[in-house]
Amino acid sequence: MTRIFSGVKPTGHLTLGNYLGAVRRWAFVDQQRADALFCVVDLHALTVDHDPGRVRRLSRQAATLLLASGLDPELCTVFVQSHVDEHARLSYLLECVATDGEMRRMIQYKEKAARERERGGSVRLSLLTYPVLMAADILAYGTDEVPVGDDQTQHVELTRDLAVRFNQRYGHTFVVPRAVRPEVGARVMNLQEPTSKMGKSDDVGPGVVYLLDEPDAVRKKIMRAVTDSGSGQDVVYDREARPGVSNLLEILAACEGGNPEALSGVYESYGALKKDTVEAVVELLRPVQERHKQLCADPAYVEGVLRDGAEKARGMARPRVDAAYRAIGLLAAG
Ligand code: AQP
């Protein structure tokens, strides 16, 4: 059976981008067809300036939202990364296979490091090595497929390179995984800056729709979304020339299961497109928010799912990570 691994970082509240680009597919496609593991990758949240209490709260909230989005512990494994030591153990071995040049070429590193420097902060070493930890997350489980949004494709490519290199140098240990992406909704853009990804740790709050936004907040954000100036009101799908309106068409198409290009022919004004997008997003989020509320009333259930998930994940990861320790030349403990 195909094995799938993917994760979400508790660096902020989950967004519509996280949902359309990743989580919805995990719930409605991946967990049904594969042996799937989904993880709150909390160690990754420590790569930038962080507040410990906030990371803990966001980790719990992310896990609850994954379950609210439809991840079913009967069908898949849901857990928190730091509960399974194998991730950090394997990460160090992979650091001994990766090069610093590879790390410095990562687009997300360059962007995030530049942002930290602009803010006058220093760049944590873990931000540079983060893709290696992500590779360990994936490789520890013999993963075949990694369902991710566009922004993570480069990291999965690096993971493949590290797996192949390790296997060539030290003997076959890792499955070489591949990234899989949803056709529509793979890259939801910020509503206020439609040339940038909608990110959960963005400063531009009004441009980001969060999974737990009330309908009124969703309405305000979408109705105020930046549309493209100097081109009249015609609704055209063109990501390069018309990023604002194209983003709305993509969001609507992703919500309704349609095609953004075909949808563009249906609308004569931005207003009508925005109105329908509001309705589609509110309807999309409604069941997730209702289930989230129920789960918040039962924290013991969520804790139990995470405890069982970690135990199961540990059992799956340990044999491969132990094999990697032996293959690379470390003496087995007596
Ligand atoms: N805007 C997006 N459109 C489509 N997919 C997206 N994903 C994230 N943003 C979008 C996908 O969601 C999954 C979980 O993402 P993550 O938690 O690993 O964080 P990220 O990719 O770094 O995204 P964020 O939300 O923007 O976090 P910050 O702001 O902290 O960097 C991934 O599969 C991702 O592709």
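A Cβ is built for glycine as well, from the same backbone N, Cα and C atoms used for every other residue.
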For this session: From the candidates V29, V188, give the one listed by TrEMBL for the same ATP site as K9, P10, T11, G17, N18, G149, D150, D151, K197, M198, G199, K200, S201.
Result: V188
Exercise. Under a three-state reduction of DSSP output, how is M198 (ATP binding site) classified: helix, strand, or coil?
Worked result: coil
Problem set entry | Long-range Cβ neighbours of the motif ''KMSKS' region' (197-201) (under 8 Å; 6 or more residues past either end) | 9, 11-18, 48, 151, 187-191, 207-210
Exercise. Where among the binding-site residues T11, N18 do you find the Cβ with the fewest other Cβ atoms within 10 Å?
Worked result: T11
Problem set entry | Average pLDDT across the motif ''KMSKS' region' (197-201), rounded to a whole number | 88
Exercise. What is the interatomic distance between the Cα atoms of M198 (ATP binding site) and D137 (L-tryptophan binding site), given in whole Å?
Worked result: 24
